[in-house]
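Report on the following structure.
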Amino acid sequence: MPPSFADVILPVPIPKMFTYRIPRSLESSVGIGYRVIVQFGKKKVLTGIIGKVHKKPPKEYEAKPILDLLDDYPVVNPLQIKFWFWMAEYYCCHIGEVMNAALPTGLKLSSESKIQLNPKFDFVSNEFPIDDREQVILDALESKDELSYEDCGKLLGVKSSYAIIKSLVLKEAVLVYEQVKEKYSPKVESRIKLTEPYTSSKEELEKLFEQISKKPKQEEILLKYLQEVPVHKFPEKNKNGLDKKTITDAGLSLSSLKTLIKNKVLEEFKVVISRFDELAGYDHPIELADFQEEGLQNIKTEFEQKQTVLLHGITGSGKTEIYIKLIQEVLESGSQVLLLLPEIALTTQIVSRLQKVFGSQMGIFHSKYSDNERVEVWQGVLSGRFSFVVGVRSSVFLPFDSLGMVIVDEEHEASYKQFDPAPRFQARDAAIMLSWLHQSKTLLGSATPSFESFYNARMKKYGYVHLNKRFGEAQLPEYHLSDILVDKKKNLLKLDFTRLMREKIQEALNQQEQALIFQNRRGYAPYMSCEECGWIPECEHCDVSLTYHQYSEEMRCHYCGFKEKVPRACPACGSHKLTTVGMGTERIAESLSLLFPEARIGRMDLDTTRSKYAYQKILEDFGAGNLDILVGTQMITKGLDFDRVTVVGIVDADRILYFPDFRAGERAFQQITQVAGRAGRRNRHGSVVIQTRKPDNDIFHQIIQGNYEHFYINEMSERQRFFYPPFVKTLKITTKHKEIKIAERASKHLSNLLKDIPVKKIILGPEKALIGKIKNQYLFDILIKLDKSNNAPALFKHELAMVLEELKSQKDFKSVRFTVDVDPY
DNA sequence: AGCACGCCGACT
DNA sequence: GTCGGCGTGCTC
């Protein structure tokens, strides 16, 4: 038998797999998707995933052997591997980067170099002298068995301890070895149980009680145990024992418990438990209104023809109920279901709603979950415990093996697109691909579909179902446009609130109703400015002004996290007249508390929801009526469904509308409609107040009339004329370097090379990026608009990859970073 | 991305 | 003189 080889995917940004030899001993037990340990480079040990198994020995090098197998089952299935490769190709990144994003951290291992004393080392008759710094390391190793390179560096106060360690190795004083650590640790519970003979014989137990009658604390524990676990009535219950916590929580003595264990009366044992509670789903039937039932039937009919269906349902039309029906059917047929939600909707009512129906067969995949929790969701899908997962963007990577349906709720949400580390994927689009690989169906749901999806629906690529009724007696809210400039002239603008806005909020407060105030900017004020000379504090490392955060008395950069104290005086002219310009949520909340001193005001934005349950806490407070007004960013537009909200205020609609991006209009329509949808659900009618400087902008009237289609047609003619998506495919390449000249030159050079690629396209730029400098790196953008026909995008990407490889190998551009963003936002 | 090797400046 | 800065090349 010739030897077998495995192409292993490793978490390194190199565009290929690495071929390793499969040792005979592992030959029968490995395959695609297994986690393996391999040596990479001189000593680094990494975990990788087998992407392919074959018999072709590599010609140019000797393959190293696979060192070990981590599990006795594949962690990733072949469908996922296909999906990874598709993603790497489509989003122009490396397979290792996809793997990195796909595997929960807990399943990734990497080794750490450790040093230990060489037991053979003879300190006395040592032929080489040990210097002071080496001695420090050796002394430290006297008390600790092992040290990492980092520990050594800290000990010596130097950045790199490499040279010293190398010298010690040479002198044979220490040994270097690699330690791989499994990051995932199961949650264990300590339990106790009664030992023999006390379990089987009542007499023995009685004897025992006599013996310990003088030790009341021990007696107490024993009584507690027997009360919780009636051993003699139900002998089998002893096997499972009792959680140790039950004893300690009852305030009983831990040391007495230890004595009982030491005396072999009780026995301690450990069990692995789940991090998720078992919840029973109630099977209460979901009642659909006639129009929802009709929608459901239409979806099914569309699915007969199309793989993907767009469900266009206005806010309050009850899309969730339709989802539930569909999910139930798919689950009953034995297939799996994935429901994608935008991150910020995941902690809300929809999840608890679903949990009530689906109980513990439903897994939740959160971005705030710990690494261990993520591994458990992963394992849960693998083992079949979860046949249904509700999750964020990254849950498309879970190890499903037989998806029957993927639902993407709020399909238009920009947060489905990942920007920063590669893969820069759009989860909605990836979900459609994933679903296709499973030969399953995809349902996209939205009240304000993305133009891409709506376009696909109109082109008959997707099926289309429209729900335009609201459930129950819910009415659409009444819109009011409030002109900021008019009020300002008449001196009616108080603390940035127009008279109409203040009146509406006051009315709500008078009626014990609630108000939601939307402002898409966190912090106190976007920036500060000197009244005398116009100086504006800017970030030292980025090309942006610093945001003023009042609460922490700081100026912060939202791009690199840089912060500094608020300047006392203007460094340019010495003036003390520094004022804040513009408004963030923090300032809005402050203004409201001045305008409505009696109101209880809450704020919800990135700064107030950093901790795991902060979001839920604020929502619960609001839901319970402990708050009258909630101020927030986008976060408040999602999944909130509170009866008492009758007023929704948009403080600065122009900020959304006049954004330098071709999608600004689309986004404004979506955002305003979404926030507005929070007003007056059920039988109360609500008001939406929009503050703007240009109330006659046509877009407002289309939003008010809810005329999505009209709006769409208008905007699309513009997009067609100027070659914007969805008429073309776009691709953005950012060039980054710490020297502006080099960054610019590299970008120019690249754009010239791209011009030669024989594909129908438009190349724009290079141009200084919107934010020209971030973290001391200068950025230049090239935007490419690709013809969608004839496979042009794929051809172009292929050529691009080669051009980039070539460019990177030129020595002038060695340290230049290129990032490719396909379908950027 | 790490990590090792190699070639130059500022210090005991 | 050396330490240690980081530029460059390589990883099956």
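Going from the start of the chain as shown, residues are counted 1 onward.
Cβ atoms are placed via backbone N, Cα and C, with glycine included.
Bear in mind that TrEMBL entries carry predicted annotations, made automatically and left uncurated.
In TrEMBL this protein carries:
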BINDING   A:Cys530, A:Cys533, A:Cys570, A:Cys573  Zn(2+) 1 binding site
BINDING   A:Cys539, A:Cys542, A:Cys557, A:Cys560  Zn(2+) 2 binding site
DOMAIN    A:300-467  domain 'Helicase ATP-binding'
DOMAIN    A:565-719  domain 'Helicase C-terminal'
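Residues within less than 8 Å, Cβ to Cβ, of A:Cys539 (Zn(2+) 2 binding site) and separated from it by at least 6 positions along the same chain comprise A:Ser545, A:Leu546, A:Cys557, A:Tyr559, A:Cys560, A:Phe562. Mean pLDDT of the predicted structure over the domain 'Helicase C-terminal' (A:565-719): 88. The Zn(2+) 1 site is defined by A:Cys530, A:Cys533, A:Cys570, A:Cys573, and by the 8 Å test on Cβ atoms against their centroid, the other residues of the chain that qualify are A:Glu531, A:Glu532, A:Gly534, A:Trp535, A:Pro571, A:Ala572, A:Gly574, A:Ser575, A:Lys577, A:Leu578.
Cβ neighbour density within 10 Å is lowest for A:Cys560 among the binding-site residues A:Cys530, A:Cys542, A:Cys560. Long-range Cβ proximity for A:Cys533 (Zn(2+) 1 binding site), meaning a same-chain Cβ under 8 A and a gap of 6 or more residues, is found for A:Cys570, A:Ala572, A:Cys573, A:Ser575.
Under the DSSP three-state reduction, A:Cys530 (Zn(2+) 1 binding site) is assigned to strand.
Each of the binding-site residues A:Cys557, A:Cys573 was ranked by the number of other C-beta atoms within 10 Å, and first place falls to A:Cys557. A Cβ within 8 Å of the Cβ centre of A:Cys539, A:Cys542, A:Cys557, A:Cys560, the residues given for Zn(2+) 2, is found for these other residues of the same chain: A:Glu540, A:His541, A:Val544, A:Leu546, A:His558, A:Tyr559, A:Gly561, A:Phe562, A:Ile774, A:Lys775.
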